[in-house]
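Engineer: Here's the feature list from Swiss-Prot:
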type	residues	note
ACT_SITE	ASP14	active site, proton acceptor
ACT_SITE	HIS42	active site, proton donor
BINDING	13-19, 41-43, ARG306, 332-334, 415-417	GTP binding site
BINDING	ASP14, GLY41	Mg(2+) binding site
BINDING	ASP14, GLU15, GLY16, LYS17, ASN39, ALA40, GLY41, HIS42, THR130, ARG144, GLN225, THR240, ARG304	IMP binding site
BINDING	ALA300, THR301, THR302, GLY303, ARG304, LYS305, ARG306	substrate binding site
Amino acid sequence: MAKNVVVLGTQWGDEGKGKVVDLLTDRAKYVVRYQGGHNAGHTLVIDGEKTVLHLIPSGILRDNVTCIIGNGVVLSPDALMKEMTMLEERGVPVRERLKISEACPLILPYHIALDVAREKARGAKAIGTTGRGIGPAYEDKVARRGLRVGDLFNAEDFAAKLKEVLDVHNFTLTQYYGEEAVDFEETLNGAMEVADILKAMVVDVTDELDKAHKAGLPIMFEGAQGTLLDIDHGTYPYVTSSNTTVGGVATGAGFGPLKLDYVLGIVKAYTTRVGSGPFPTELDCEVGQHLGVKGHEFGATTGRKRRTGWFDAVAMKRAVQINSITGFCLTKLDVLDGLESLQICVGYKDADGNVKDVPPMAADGYDKVTPVYEEMPGWTDNTFGVTEFEGLPQAAKNYIKRLEELTGVPVDIVSTGPDRNETIVLRSPYDA
């Protein structure tokens with residue numbers, strides 16, 4: 001039986017998942033998105049050509065791969081059409097290879113308006129959302145008033161449901177936030193324009209994946225964002241609105257957890273975060289600037305500058321516990337080139353001097369702890385583009401080994417550059 005692999009982020013997102021999914025899809029037949037929306041930004045570089053995908057699974061650039069958007073994804077019809085057009089203009093066939101669950105909640109203009117209005121009202125306490133309507137769409141889903149892809153296929157019923165939910169949200173927009181109302185006819189017409197296009201791509205995702213599994217076809221599940229942004233396990237409330245952890249596969253794609261064979265955790269050799277929220281190892285100094293500049297740390301979705309800091313082994317151990325991670329892919333090792341010494345956070349010290357090896361459960365708990373560091377020597381040799389482990393400096397090998405010891409998980413893949421070829425594969429998830 002072929003292997004079913006989950007690829008997910010273990011930090012606050014932006015770990016390099018897109019490249020890794022693209023690298024590994026040479027042996028996958030299906031690639032599935034199971035949570036999030038077009039707030040994701042997965043960057044792929046193939047033969048020097050850069051592609052950024054927000055909604056369509058990264059496997060779309062492989063001719064033999066079928067891509068699926070599962071029910072756990074909140075789907076913006078407008079974003080999907082733009083992404084499809086971008087790919088098709090570059091000669092990538094999309095419509096015949098992309099399948100969508102009719103249970104996907106829709107992101108419509110009023111979700112975006114609510115998202116922007118809320119962040120504006122929060123002022124200095126803004127969460128740092130992408131402003132793309134992700135959170136409000138998930139809220140409607142949980143409140144059982146959300147419109148889904150399947151609703152588009154009956155225009156009369158869709159219009160009635162839209163009017164009801166839009167009345168609620170327009171009241172909030174105008175009376176509470178003092179913003180303009182979202183136009184009903186414009187929203188309805190925009191949705192109906194894409195109904196037939198979406199209908200042609202709809203499948204029963206659970207049944208499709210079950211048949212693929214029984215046929216022995218390898219399936220890859222592509223996570224978005226990262227473990228520390230999980231709605232339940234992240235630095236709440238500075239989190240996203242979906243389950244970014246491995247449990248999201250079962251709920252967001254209808255694929256039973258016992259069918260999963262390997263969980264690949266993508267982790268940077270340092271740490272970054274976009275937007276507000278706790279960040280114990282953040283560096284507001286020359287080293288932090290080095291990481292940001294050399295690592296090109298700007299969000300693929302928002303363009304915002306990412307905050308940078310040292311590797312946090314405490315947070316990483318929690319990611320291992322939650323996700324049952326089989327192996328790591330360590331990315332951006334080359335960004336550490338040239339640093340004389342490196343720091344690894346191995347504990348959090350509280351106000352009484354007690355050192356803990358588990359993170360707080362909520363954001364305000366981080367105000368009461370400080371990181372405890374272990375120092376390791378850096379290296380001056382260039383690791384960019386190295387494709388053999390023996391080609392790495394000894395100090396880099398030692399760093400990798402120490403991360404393995406601290407987390408209890410092997411590093412199976414090392415990424416040394418953005419291109420799919422700039423990679424050291426010590427053990428493929430398909431051969432583990």
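One-based numbering along the chain as shown.
Each residue, glycine too, has its Cβ placed from N, Cα and C.
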Engineer: Work out how many Å separate ARG304 (IMP binding site) and ASP14 (active site, proton acceptor) at their Cα atoms, rounded off.
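Structural biologist: About 12 Å separate the Cα atoms of these two residues.
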Engineer: Cα of ASN39 (IMP binding site) to Cα of ARG306 (substrate binding site): how many Å, rounded?
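Structural biologist: Here the two Cα atoms are 15 Å apart.
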Engineer: Using DSSP and collapsing to three states, where does HIS42 (active site, proton donor) fall: helix, strand or coil?
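Structural biologist: SS state of HIS42 (active site, proton donor) = strand.
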Engineer: What's the CA-CA gap between LYS305 (substrate binding site) and HIS42 (active site, proton donor) in angstrom, rounded?
Structural biologist: 16
Engineer: What three-state class does DSSP give THR416 (GTP binding site)?
Structural biologist: coil
Engineer: Looking at the binding-site residues listed here (GLY13, GLY41, THR43, LEU333, THR416), whose Cα lies nearest to that of GLN225 (IMP binding site)?
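Structural biologist: That would be GLY13, nearest by Cα distance.
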Engineer: Out of HIS42, ARG306, give me whichever of these recorded positions has the highest number of other Cβ atoms within 10 Å.
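Structural biologist: The largest 10 Å Cβ neighbour count belongs to HIS42.
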Engineer: Suppose we draw a 10 Å sphere around the Cβ of ASP14 (active site, proton acceptor). How many other Cβ atoms does it contain, all chains included?
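Structural biologist: Within a 10 Å radius of the Cβ of ASP14 (active site, proton acceptor) lie 28 other Cβ atoms.
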Engineer: Could you state the whole-number distance in Å separating the C-alpha atoms of HIS42 (active site, proton donor) and THR130 (IMP binding site)?
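Structural biologist: For HIS42 (active site, proton donor) versus THR130 (IMP binding site), the Cα atoms are 15 Å apart.
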Engineer: If one looks at the chain holding GLY16 (GTP binding site), which residues at least 6 apart in sequence have a CB under 8 angstroms from its CB?
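Structural biologist: Set apart from GLY16 (GTP binding site) by at least 6 residues yet with Cβ under 8 Å, we have THR43, ILE266, LYS268, CYS329, THR331, LYS332, SER415.
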Engineer: Let's check the environment of ARG304 (IMP binding site): how many other CB atoms sit within 10 Å of its CB?
Structural biologist: 13
